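Participant: Okay, so TrEMBL annotates it like this:
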TRANSMEM  B:21-38  transmembrane segment
TRANSMEM  B:44-64  transmembrane segment
TRANSMEM  B:71-88  transmembrane segment
TRANSMEM  B:94-113  transmembrane segment
TRANSMEM  B:120-137  transmembrane segment
TRANSMEM  B:168-188  transmembrane segment
TRANSMEM  B:255-280  transmembrane segment
TRANSMEM  B:292-315  transmembrane segment
Amino acid sequence: MIPLLGISTQALFGQLLLGLINGAFYAMLSLGLAVIFGMLNIVNFAHGALYMVGAFAAWFLLSAFHIGYWPALILAPLGVALFGMIIERTMLKRLAGLDHIYGLLLTFGLALIIQGVFQNQFGASGQPYPLPEQLKGGTNLGFMYLPTYRAWAVVFSLSVCLFTWFMIEKTRLGAVLRAATENPELTRAFGINVPRLITLTYGFGVGLAALAGVLAAPIYQVRPLMGADFIIVVFAVVVIGGMGSILGAIGAGFMLGVVEGLTKVFYPQAANIVVFVIMVAVLLVKPTGLFGKKL
Amino acid sequence: MKAQALSASGPTAARPKPAEFIAFAVLTALLVVAPFALYPFFLATALCFALFAAAFNLLVGYAGLLSFGHALFFGGAAYVAAHAARVWGWPTELSLLAATAFAGLLGLGAGMLSIRRQGIYFSMITLALAQMGYFIALQVPFTHGEDGIQGVPRGKLFGLIPLSDDRVMYYFVLAIFLAGLFAIYRIVHSPFGAVLKAIRENEPRAISLGYSVDSYKLAAFGLSAALAGLAGGTKALVTQSATLTDMHWSMSGEVILMVLLGGMGTMTGPVIGAIFVVAIPEVLNRIGGPDFAQWMTVIQGAIFVVCVLAFRRGLIGEIAARLRRTL
C-alpha cells in the first residue's frame, strides 16, 4: 500500500467510492425533485422521508415475506410510487395555483408524519439489511479492494439517471412531459391528459427516491431518520446545480458526493458542511446555480 | 406617499386598526395575570417562543419570505447569551444585547446570500445555511457539543433585582416580549412595512415603482433575525441552558408551524400559535403520559397538513376574516 500525502490509498479510494455512492443518491433524489418541481411547481420536502420508506419497504419485504433484494428493487419503488400518487391525488392537487410555499409546507408536514410514525414503530436505531447473495465479496484492484455491491450501486444508479435523462430528452413521452411543463393549458388542448401526467410524474419522482432507498439499505442501516438530514443536503445540491437541467442535476449530485468523500479523507471535521460551503460559494459567484436556467 | 397608496389595496392597510389594538390589549392583560394560574417557568418559555414566532412572522407574513432556517438565529443567539452570561460573566442586559446583535449580523449575512434567489430557492438556501450552522455548533468547542451550555446564571436586572425567582423572571420576559412585539407593530405599520407588504403582494410592481426590493428584503431579514435572536437569548436565560435542539431544523419547522397555525401576517396570530404549539406536548404528557407524547412529531405534521389544506389563514386570520364579514 503506497501512502499518499500521509493517507493510505485504501482509505482514499474507499471514501471516494462511498462519495460516488452518496453522489449517486444525491443525483437520483435531486433528479426526482427537479422533475416534480417542473410539473407540479412543488418542492417535495417529503422526498427524504420517501427515500427512507423505500429502504424500509425492502427491509419489510425481506423480514415479513422473505422477499429478497431483487424483487424489492422493483416492488418497493412501485409501492412508494403508488403511495405518492395517492398523496398527489388527494392533497397536492388541491394546491394548484397557490403560492409555492404551501407545497413546501404540506410536504414538510407529510415528512413529519411519515418519519414520526416510523420512529414510533422502530425507534431511532437501525435495522440491518443483508447484502444480496450475488453481490457479496469484492475484487482486489491492486490499489484498492472494491466491494461488488458498492460498484453495483454506482453503476446501477448512474444507469437509472442516464435512462431518465434519455426518456425525458429523447423520447416522445419525454417531449409530451416537457411540453406539459412548459405550457399545461396548450398541452391539454392537444388532447393530452395533463392531470394524469402530473400524477404519474409525482409517482415517478418519489419512486426514484424509493429506489435510492433500496440501494442504500445494504450499505447504511435502515433508520427512520435516514432521509431527514439527507434531504437538506439534496436541497443544497439542487441550489448548486439548479433545477433547470436534467444532466446538471445528475452531474452536480455525483460531483458533490465525490467532493464530500474526499473531504472525509483530508479534513474530516468539514465533511458535514462542505456541500453547504460550496453552495455559499456558488451563490456568491453564480447565483443561478452552475447549470441553472432562470425559473 | 407611494407606499400608502400601494398598500391601501392590499389586505392590510398601513393605518393601525382598532381591532388590532383591542386584541393586543386583551392579550397583554391576559399575560399579566397568567402567572397566577399557570407555572411562570412554562409561561416564560412560551413567551420566548411567542416572540420568536412574531419575529419570524415579520419576514414570512409581511415580506412573504419563507425562511426555513430561523433556528439558526434563535439557537445561535441562545449560545451567545449563555456563553456571555456564564463564561464572560456579563450582566443580563448586556448578554441579551450581544445575542440580539449577533443574530442580527448573522441574519444580514444569511439574508445577503439567500435573497440572491427567489421563491422556493430562498427557503432551501435558508434551510441549508441553518444546517451548516448546526454542524458548526456541533463541532466548535464553546458550545460543548451534545451537552450544550448548562447552568447559565440569570443574573440581576439593572444589577439590583435578582432574576432567579421564576415569577420575577416571567415579568422580565414579559417586558422583553411586549417591547419586541411593539417594535414589530411599529415596523409593520411604518412606510417601510407598507413597502414590505407591497413586495409580498407584487414584487415586479414594487420594482417598477422604483423600490430597491433587495435592500428592503435584506432589512426585513436582519430585523427578523435580530428579534429571533432576542427571543433565543432570553430563552437561554429562562431555561439556564443553550443546546443544539434550538438550532435543529425541527425548530425552524416548529416556528413555521406556530405562525401558520396562528395566522401568517396577523399581529397576535403567531403569539397564539406559539402558545398552542408549546402547550400541546405538555397537555399530551398530562393526559396520556410519555407514550402519548411520542406522537408529537406526527401531530405537528398533521397540523401542518390540515392548516395548509383547509385553514391557510390560521386561527386568528380566520377570526379576523369572519369579523370583517359580519361587521
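Using N, Cα and C of the backbone, Cβ positions are placed for all residues, glycine too.
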Participant: Taking contact to mean three or more C-beta pairs under 8 angstroms, with sequence separation of 6 or more, is the transmembrane segment (B:44-64) in contact with the transmembrane segment (B:255-280)?
Facilitator: yes
Participant: Given a Cβ distance threshold of under 8 angstroms, which distant residues of the chain, six or more beyond its ends, lie next to the transmembrane segment (B:168-188)?
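Facilitator: For the transmembrane segment (B:168-188), the far contacts come to 16, 24, 28, 31-32, 35, 40-41, 43-44, 47-48, 50-51, 54-55, 57-58, 62, 96, 154, 157, 161-162, 196, 223, 227, 230-231, 234, 237-238, 267, 271.
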Participant: Please give the sequence-distant neighbours of the transmembrane segment (B:71-88): residues at least 6 beyond its ends with Cβ less than 8 Å from one of its Cβ atoms.
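Facilitator: Same-chain contacts beyond the flanks: 52, 94-96, 98-100, 102-103, 106-107, 110, 126, 129-130, 133-134, 137, 142-143, 149, 151-155, 224-226, 228-237, 241-242, 244-252, 255.
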Participant: So what's near the transmembrane segment (B:120-137) in sequence-distant terms, Cβ-Cβ under 8 Å and 6+ beyond its ends?
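Facilitator: Same-chain contacts beyond the ends: 65-72, 75-76, 79, 106, 110, 113-114, 143, 244, 247-249, 252.
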Participant: Under an 8 Å Cβ to Cβ limit, what residues of the same chain, 6 or more beyond the ends of the transmembrane segment (B:21-38), are close to it?
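Facilitator: Same-chain contacts beyond the ends: 47, 167, 170-171, 174, 177-178, 181, 185, 267-268, 271, 316.
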